[in-house]
Amino acid sequence: MTDFQTLLEFIETETGFATSYYDESYLDRRVSARMRRRGVEEYAGYLTLLEEDDDDERAELLDTLSVNVTEFFRDEKVWTALRDVLLELADTVRSIDIWSAACADGREPYSLAMLALDAGLDPRNVSILATDIDEDALARARAGRYESTRTADISDQLGFLDNPQEYVDREGDRAFVVNDRVKDLVTFERHDLITGDPKSGFDLVACRNVCIYIDKQYKLPILDTVSKSLREGGHLVLGQTETLPGEVKERFEAEDPRIRIYSRVADT
């Protein structure tokens, strides 16, 4: 066993973060980032740091491992298409049930809520479940407070909307807080996409940019969970670089393969 594998085994055993689910190159990038921050050059040295019960570092590492790149209205062409999906659903179903799977710090489900409101949907008929495995990320999501940084301008991200000020409140020069009108549409809860039970009856599931970080053998369980959570005719949206494996591909028809939106078909 290499020093890196020993480190991963410790992380999984002592923190509960399932390193075995994730692509090893992804884990290496994230762990190495923490090592550089702490001035540690060897995996064995970083393991010693964690073994010394450095709770702060363990928390920082878990945050680094769990939270992926996220922003409001990431890939605008996808959100333009999703607006049409929501309008179509509003004409065909009484209540629109949406699941944002692996929602990280909440920007995706809040984007979905803002989009629904911006499209003129009745908020009483829209319900969004947002789940993630990381409790700290969920706490940040529930707070709904986001700050612009040098590399991520929240104002630019919200520029997809005509009137973003209807959905967020400014707090100082850099911070934005999602208002209650948006928050009321979203419920957050913890869920593990690999080991957790499927949901049921959803009209739309967003599972974007999740599988690109996951080891190949666990991608199928994730997409199996997602497909079982959609009603017949429900919509699935994946990340721009993600594809459906053959084992679940037959359960879907591509609505627009360029932007990875699919419809659930009846089981045969």
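In case you wondered, yes, glycine gets a Cβ from its N, Cα and C as well.
Worth saying up front: this structure is predicted, and the values here are computed from it rather than measured.
Feature annotation from Swiss-Prot assigns domain 'CheR-type methyltransferase' to 1-265; the stated evidence is sequence analysis.
According to Swiss-Prot, the feature S-adenosyl-L-methionine binding site maps to N68, T70, R74, E108, D132, D192, L193, R208, N209, an assignment based on similarity to another entry. According to its DSSP assignment, D132 (S-adenosyl-L-methionine binding site) is in a strand. Long-range Cβ neighbours of D132 (S-adenosyl-L-methionine binding site) (same chain, at least 6 residues apart, Cβ-Cβ under 8 Å): S66, A102, C103, A104, L138, A141, F188, R190, H191.
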Can you tell me how many other Cβ atoms are located within 10 Å of the Cβ belonging to N209 (S-adenosyl-L-methionine binding site)? 20
What number of additional C-beta atoms lies within 10 angstroms of the C-beta atom of L193 (S-adenosyl-L-methionine binding site)? 24
For R74 (S-adenosyl-L-methionine binding site), which residues in the same chain are close in space, meaning a Cβ under 8 Å from its Cβ, but six or more apart along the sequence? R107, E108, S111, Q157, R208
